[in-house]
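Features of the protein shown, as given by TrEMBL:
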TRANSMEM  A:23-40  transmembrane segment
TRANSMEM  A:56-77  transmembrane segment
TRANSMEM  A:105-124  transmembrane segment
TRANSMEM  A:136-154  transmembrane segment
TRANSMEM  A:159-178  transmembrane segment
TRANSMEM  A:184-203  transmembrane segment
TRANSMEM  A:215-234  transmembrane segment
TRANSMEM  A:277-299  transmembrane segment
TRANSMEM  A:362-395  transmembrane segment
TRANSMEM  A:415-432  transmembrane segment
Amino acid sequence: MATVSANPARAEASSTARALREAVFAGIIAFGLFVLYVGLKTDQNISNELILVQRWGLLAIFVGVAMVARFIGVLYVQPFLKRRRTAKSEASDLELQPSYFRRNFSTIAIIALVLYPPLMVALFGTQGSLKWVDNFGIQILIYVMLAWGLNIVVGLAGLLDLGYVAFYAVGAYSYALLSTHLGLSFWVLLPLSGLLAAVWGMVLGFPVLRLRGDYLAIVTLAFGEIIRLVLINWTDVTQGTFGVSGVAKASIFGIYSFDVGAANNFAKVWGLPMSAAYYKIFLFYVILALALLTAFVTIRLRRMPVGRAWEALREDEIACRSLGINTVTTKLTAFATGAMFGGFAGSFFAARQGFVSPESFVFLESAVILAIVVLGGMGSLVGIAVAAVLMIGGTEILRELTFLKAVFGPDFTPELYRMLIFGLAMVVVMVLKPRGFVGSREPSAFLHERKSVSSSFTKEGHG
Amino acid sequence: MEYFVQQLVNGLTLGSIYGMIAIGYTMVYGIIGMINFAHGDIFMLGGFAALIVFLALTSLFAGIPVVLALLIMMIVAMIMASLWNWTIERVAYRPLRGSFRLAPLITAIGMSIALSNFIQVTQGPRNKPIPPLVSSVYNIAGISISLKQIIIILITAILLSVFWYIVHRTPLGRAQRATEQDRKMAALLGIDVDRTISVTFIMGAALAAVAGTMYLMYYGVVVFTDGFIPGVKAFTAAVLGGIGSLPGAVLGGLLIGLIESLWSAYFTIDYKDVATFSILAIVLIFKPSGILGRPEVEKV
């Protein structure tokens, strides 16, 4: 070893040789992995029989990419990461004064979000703004709100919930069914569906009080699936897989309506040309307000005894119990509060889509929400919002990449790759940054001075 | 009565498939304490490998004997699934060993999403039907038992005994059990812990691939979403039997299969998955250690 490092030229050569060896190895593995699935494709011929289509060129590309990636990785990326790690450990612990932008990040972000719809209208016109406000703005904000709601359960109380989408479904179906059958308005049903979801949170939370960690995760997954299956099979009420359609739109507190035929239609009253964009812009502000409410409640609750109890529960359940904290009420309030925000988001979702079906509440949604919470660095509201923008916005952008058609031919549909890339991104981000995007937390309680601690010192809880 | 026995046979067949998948869950959970969420998708990959090999065999050698075809399908599927699971463990789980407990669960969920969508992208989203491989049916005292049911139950029995032998009678199995009990101590005693864990993933994947082949043979169809529901059911089976216990996994699988087919036969077929999930919840709440598992002692 010593002789090698004494001679830089030989060290260089040996590391290149090692990279080459690794690249060949990676190529063999990649060939093995992809030979059946990429090299051959099962297709139906005219008489509906399966036949194999050979795609050896594509397989060669896969293997080649794997080899090149491994070669570059071993030769350049690994030494770079190693250098950076040593540089980091040698750097002093002195906290640098964060920049103005970083200190006021939340204020700037909120102002930017309030200005977002008018800006989009100005840039793309009323009709053109529709896509940007709806697909990017509202879609991302729904996930931000859901993730912040789940954060109360997972990030604060440390209860791993894989069935969060069930409460989203409860909220959506409460609004859809009660508004179509009883004709109640959005603003009456919004709090009501939140309440119903909270009750369901308690009902489902009660049996799992004794469970911890992975088992809790699996039981909540089972509950989520049970609710979805009931929604599918209880056709008398939910109309099964057909879903409930024609769900009433929300109105501006009953003053202006967005129904095309109504006399107090917003566009008609103000003499504007008819467009779906006004409704979307209105919805954007509604979900923004709801999401900010979630954040506000979370921040305030963390300062209150119940929030302190949640965080104590996350850190150590046994210590928590020996200090006289009632773990039953602590867990149930966490489940109920988290579920309530899921319910709010659900009824908003129903009002936005005008249609709900069990398709929207599959396990994948729970997984996506949980992934956002964990990738954002559990417990950090800003981190979660950043993660939601990156993960949801990133996959939405894929829909827009039509220029890729020019590269890969007209058959190329980027939407197909959305979830594939999402899944891989979950893995890559987790491996590179296991503590999430925001790796530090403000302590809730502190002695003498407020010091940011690395979140590697905080536990994720086993409750 | 005949109807009941008939359902019993169907349930046992289905349960054998679940049991084979469940062994992979139970071994991995036992040794590193993580729910390998992608295991169901490994099962699906195994099914697809068998499908592709079947198509290749029938187009290359038209008159190949069924037994030989099945054997080749099974072996290739085992190799493919093992390679995939080995790679996934290396890439997605090993770097996170020693990180916080949620991290590997998240990468496993990510891998599960990625794998099923990978198959959707490369093989297409449609159902993949194949003509029946084995069609003989025997009639014994009014109960019809098909040859494929006999094959599935036999293969499960053989594989379970082989695995039981490996885990309880070979040095490799001893290393696995030692790693399961105390990873650090096992490493101190000269066991290559990383290698043992890799081998565990490979063994689990091989069994899942056999289950995938059997599934393809039994139902004659496979689709890219097939990993999720059988995966969750197999996990239920592993928990029901007592996680970490091999006979427990198979017992749990058989019970889940029986419950499912009896529920479909006597109640409504719509709610059969609700029944399975309810059983999962009830078992975890009232007897988290399962039927054959050791109760976990809470350490302070």
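Residue numbers in this text run from 1 along the chain shown.
Cβ coordinates are placed from backbone N, Cα and C, and glycine is handled just like the others.
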Quiz item: Looking only at residues six or more beyond either end of the transmembrane segment (A:56-77), which have a C-beta under 8 A from one in the stretch?
Solution: 15-16, 18-20, 22-27, 29-31, 34-35, 38-39
Quiz item: Short question: which residues 6 or more past the ends of the transmembrane segment (A:105-124) have a Cβ under 8 Å from it?
Solution: 131-133, 137, 277, 281, 284-285, 288, 292, 382, 385
Exercise. Name the range, of those listed as A:23-40, A:184-203, A:215-234, A:362-395, that has the largest tally of Cβ pairs under 8 Å with the transmembrane segment (A:159-178).
Key: A:215-234
Exercise. Go through the chain and flag residues at least 6 beyond the ends of the transmembrane segment (A:136-154) whose CB is under 8 A from any CB in it; none is fine as an answer.
Key: 116-117, 120, 160-161, 164, 168, 280, 283-284, 287-288, 290-291, 294-295, 298, 301, 310, 334-335, 337-342, 344-345, 348-349, 352, 368-370, 372-374, 376, 378-379, 381, 384-385, 387-389, 391-393, 396
Quiz item: What parts of the chain pack near the transmembrane segment (A:23-40), using Cβ distances under 8 Å and only residues at least 6 beyond its ends?
Solution: 52-56, 58-59, 62-71, 74
